[in-house]
Amino acid sequence: MAEFVRAQIFGTTFEITSRYSDLQPVGMGAFGLVCSARDQLTNQNVAVKKIMKPFSTPVLAKRTYRELKLLKHLRHENVISLSDIFISPLEDIYFVTELLGTDLHRLLTSRPLEKQFIQYFLYQIMRGLKYVHSAGVVHRDLKPSNILVNENCDLKICDFGLARIQDPQMTGYVSTRYYRAPEIMLTWQKYDVEVDIWSAGCIFAEMLEGKPLFPGKDHVNQFSIITELLGTPPDDVINTIASENTLRFVKSLPKRERQPLRNKFKNADDSAIDLLERMLVFDPKKRVTATQALAHEYLQPYHDPTDEPVADEKFDWSFNDADLPVDTWKIMMYSEILDYHNVEGAPNMEEQFPPQ
C-alpha cells in the first residue's frame, strides 16, 4: 500500500503519495491549490492539483466529477492531460497533470510577443479547440491564464472545471469578463462552441496589442466598449435577447458603426486582421469555426489537415442533469478513478484507496 506524505503549503495540508517529492506552490484557484512536484517514477516535473473538500456539497462533488471525466476523456497535444489521480486518507482528491513552465497571461505581461510566436500560439489554441469542440465540449472560460506554455512554445489549454455540454439551452455566469462572448452577457439563455472562438479572438487581439482588447469594469461597461469597436449589434442578434431589462439596455445605447480593426492594430498583417474580424462577430453563427480558422491564410505556415485530429467519440454528458447526493457522486468518482488506473495499468489499487 502507498505511503502518504504530508506537507503544509500556504496553510493547506497536502497529503500525497511518496511517489511525488519537492512540492512547490504554483497557484491558488477557486477550487484548489496547485503545486509543482517531481514524479519519482517517471523523473518528470508534474503539476499536482488538490481539490479541497470535494465531497462537502453535492455541487462541489458534481463539479469535481465533471472535471475528472473531462480530463480522462480529452486526449490531445494541445489539451492538458491527466497522468495520475488519487484520493488521500483525508478524502481530498488530487489530479496530477503535466507541468508547463508558464501561461499566456504571464508571457503577455512580461514582454511583447513576436509575430511568429503569436501565429504559433493561435494555431495551437485553434487546434486544441477543434478537438475539444468535436468532442461536444465547450470550454466556456478561455483566457490567457488558462493557456499553458513551456520553454519549447508547446501550448496546452487547461482548467475544464467550468466546461459544459454543447447545448443550445446553456445558461449561467461564466468566463472572466474581458474574454466573455456577448451572447453570454446579453442573453443568459443559450450559447454554444462559438463562445470559445470569441474568447480566442480576444486573446489573439491581446497578443497583437499587448493589452486586453475589451477591459470592461462591469457588464454594462464591457458591452459598451465592445460596441465602440464593433458597432451596434445587428437587429437579428438583438432580437434573440430574452431578458427585457437587457433588451432595454441594448436599445438605449447610441447607434455605433463598426470601426475597421486596421485602425486599432496598425502593425498587424492584413491576414491577421482578416482572421480577427472573422472571430469577433456579434452573431455567433457567423463566427469562424476552429476548423475554418486553421485553414485561414494567417495560420497557413502551421496548418496541416492530416495532423489536426478530432475526438474519437463525443463526451458523455448523461450525468450532467443528475441531482444526486454526495455519497452517490463519491461512489461514481471512485469508480472513475478505478477505471482510470485499470486502463492505465496502475500497479496497486490499494495505493489509490488507502484504508480509512
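Note that Cβ sites are derived from N, Cα and C of the backbone, with glycine treated the same way.
Taken from Swiss-Prot, the feature active site, proton acceptor applies to Asp141. Under the DSSP three-state reduction, Asp141 (active site, proton acceptor) is assigned to coil, being neither helix nor strand.
Positions annotated as ATP binding site by Swiss-Prot, on the basis of sequence analysis: Val26, Gly27, Met28, Gly29, Ala30, Phe31, Gly32, Leu33, Val34, Lys49. If you take the C-beta of Val34 (ATP binding site) and look for same-chain residues 6 or more apart in sequence within under 8 angstroms, you find Pro25, Val26, Gly27, Met28, Ala47, Val48, Lys49, Lys50.
The annotation domain 'Protein kinase' is assigned in Swiss-Prot to 20-299 on the grounds of sequence analysis.
For Thr171, the entry in Swiss-Prot reads phosphothreonine, with the evidence type similarity to another entry.
As annotated by Swiss-Prot, phosphotyrosine applies to Tyr173, with the evidence given as similarity to another entry.
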Field: Sparsest Cβ surroundings (other CB atoms within 10 Å) among the recorded positions Val26, Met28, Gly32, Asp141
entry: Met28
Rounded Cα-Cα span from Gly32 (ATP binding site) to Asp141 (active site, proton acceptor), Å: 16
Statement: Model confidence over the domain 'Protein kinase' (20-299), as mean pLDDT, sits at 89
